[in-house]
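Peer 1: Under the heading disulfide bond, Swiss-Prot lists 145-177, citing sequence analysis as support. Marked as domain 'THD' by Swiss-Prot on the basis of sequence analysis: 88-233. The N6-myristoyl lysine annotation in Swiss-Prot covers 19, 20, and the record cites similarity to another entry as its basis. According to Swiss-Prot, the feature phosphoserine maps to 2.
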């Protein structure tokens, strides 16, 4: 190889290589748009999550003196609970001064007749059709057991306007004495309460009565022991 050829090769090797031409301008623009779209979607998603979970957003107004906001539903329930009930109701008590009979009174403490219920001839008069809770309690008391068997009965009856017949709705029988008190032994007192209660469909004008068979055994020592009532449901 000649000297001139070697010199030419060295000069060619020292020349810098040509730079690669850059990518087209359109590819850079697409990359920028993609990056911007990603950031926009990510930001919107983050904002939605923060609003959804209550991290940011309108804050509840604090009321003075520790008062709390009440929803319209709660206000409706609260106001309706204060509205006086227009359903028929009655609660009568026994007259402790009536000897030998069970007489009901409505003008005594803890007794009432409301919204159309009447007490006539010792019976409660139903003012309107519907379901009613009927209840009654009596308390019997005795001293010792006689030779004859003692059976105590308590009955709630209905005289319906539709068939003009007296029908027993509720009834119970109890026997306080299992055997006669032997002669010469101390006669111990006994007590027998009877409670009756049930729900019935009644008609306007029906008459309800609560009766017993042996009123002489009734105990009137304390108030609230003998009563009779109805409540419209």
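Placement of Cβ uses the backbone N, Cα and C atoms for every residue, glycine included.
Model, not experiment: these values are computed from the prediction.
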Peer 1: Count up the helix, strand and coil residues in the domain 'THD' (88-233) according to DSSP, in that order.
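Peer 2: Secondary-structure breakdown of the domain 'THD' (88-233): 3 helix, 75 strand, 68 coil.
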Peer 1: Over all shown protein chains, what is the count of other CB atoms within 10 A of the CB belonging to residue 145 (disulfide bond)?
Peer 2: 19
Peer 1: Same-chain residues six or more away whose CB lies under 8 A from the CB of residue 177 (disulfide bond)?
Peer 2: 142, 145, 146, 149, 150, 190
